[in-house]
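> Take a look at this one; I'll ask things after.
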Amino acid sequence: MIGVINGQEFGEATLNTSVLQEARSGTTTIQSSISHIPANVGPLMRILIVAINPIYWALAGENGEALNGHSLTGGSFQEESHVEFATGELLTMTQVARGLDPDGLLLLDVMVNGIIPESLADADLQVQDFQERYVQMGPGQLFVDSTQPFLQGGLPTFLRCNRSIQYDAARGLQPQLVQHLQASAVSTAFDPEAEALHFQLTTALQAEENEVGCPEGFELDPQGAFCIDRDECSDGPSPCSHFCHNAPGRFSCSCPAGFTLAWNSRDCKDVDECAWDAHLCQDGQRCVNLLGSYHCLPYCGPGFRVAADGAGCEDVNECLEQLDECHYNQICENTPGGHRCSCPRGYRSQGPRLPCLDINECLQLPRACVFQCHNLQGSYRCLCPPGQTLLPDGKACTPVVRNGQNVTTISRRGPFAPWLQARTPIPGGSYHTWVSFRLGPVSLSSMGRAWCPPGFIRQNGICTDLDECQVRNLCQHACRNTEGSYQCLCPAGYRLLPSGKNCQDINECEEDGVECGPSQMCFNTRGSYQCVDTPCPTTYRQGPSPGTCFRRCSQ
């Protein structure tokens, strides 16, 4: 025996085996010793009971019509073995039986190359009983597969071994297409001082009388003489959700990077890299699991979120995205990492989420007006006595003289002439009250009161429009001034709330009945929507409604 295991090459090792045949029970007990095994390799090789497979198959106890390897081949054959551990390590062996020497000894050469899990070196190993299946796949051709369970530190695990055997076709066939080998009482040990590896097991070979045809994973060839592999990966729908790999008598599934096989060994599920490795990201970053991958993002404090480029943090505009943070008649002002709820000019706050109350400026000191104050919602208006008009400061009054008379003159353009009321003096000391409803320029002389309607201010004796949009944060999004008033506007995909100030996202998927394409679902986004592909896995079919998938039934 020669080979390389885990990169460690060992020279020629000598294998000696003694055989005890028990005719009564139809079993054979085999004791093998492999000497000159280096101490850094020997503990790993304790699990390689398959290394002496040519011996325990060639000399297995025969039951019924079963033929062991020596009876079938005359002791001359070649095996190619592939061993796969549960953790993915692979190992190959070439085993050549060269028949009997003049003394009747079976000559066997073994070459080993591959990886054995390092965790097995120091572990307490207990190899369990196992079975092997020998399938006739052609003249002089056998395929052998087995799963060999063992305990590693008391925990169950396994290795899988597939072998192809070639021998002289003139020697004939197995008595049946399939024979079964049972191995029991298996023990392994390594003696570091003697550098010797010891194996012991009891084997029996039999052909099931009631077994007709080929085992699962195989099918009869067109002539019905041998078993051939059935390619499950290409025969009908793939049994795997992603990648299918055919092998003699079986198939295996695999997944793309970032995924792993689910419990059924067919479907793939996402690997949460962030849960497996706490050191994937640098200090000051957090790991975010993605479908099939992960992303390292910076830690962002309250009121901030990761920017679109993933490189830093950006402020969250609570006024746009959390529309109930302030009362409907409060003004929401975004701040770095937070927001403020304030009241418009002329109102006072009662506290968070409570409505703003009007401030009666007419009751405050110092007095807001020189002569008379008239309170309005959110504002006030100063009035003057007859024959006087407001100064530009809007608080004090001054007499108006025109054509030698004291008059009060107000001029207004637009639809608000009904507001303009005055009294005209009549000879004899009385007054006549009249109201003008004319549109267009209005000139009014009066000895009575004079003021401007809401939404206007008096400048130089003329009522002019007040641009309310100059008031900071009057609207959540945008403000458009109108004559005598203003209007709050919302961006596309939003609607104005009854408050007339705040905006609310429109759920187009529900309200507009958006119909996306096949295998798509409608997802609402801020100010818009998206049709997202939601295809079903390979082994499922599309349901009648978006987002539903049904497993294909085999019957």
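Keep in mind that glycine also has a Cβ here, set from the backbone N, Cα and C atoms.
Note that the structure is predicted; figures quoted are calculated from it, not measured.
When I checked TrEMBL for this same protein, it listed these features:
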type     : residues  : note
DOMAIN   : 1-215     : domain 'Nidogen G2 beta-barrel'
DOMAIN   : 229-269   : domain 'EGF-like'
DOMAIN   : 315-353   : domain 'EGF-like'
DOMAIN   : 465-504   : domain 'EGF-like'
DISULFID : C469-C479 : disulfide bond
> Other than its close neighbours in sequence, what residues sit by the domain 'EGF-like' (315-353), given a CB gap under 8 Å and a spacing of at least six beyond its ends?
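Apart from its flanks, the domain 'EGF-like' (315-353) reaches 301-305, 359, 361, 376-380, 471-474, 476-477, 497-499, 501-504, 526.
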> Report the mean pLDDT of the predicted model across the domain 'EGF-like' (465-504), rounded to a whole number.
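That stretch averages a pLDDT of 86.
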> How many of the residues that make up the domain 'EGF-like' (229-269) does DSSP mark as helix, as strand and as coil?
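Final tally across the stretch: 0 helix, 16 strand, 25 coil.
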> Please spell out the DSSP helix, strand and coil residue counts for the domain 'EGF-like' (315-353).
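Tallied per class, the domain 'EGF-like' (315-353) gives 4 helix, 13 strand, 22 coil.
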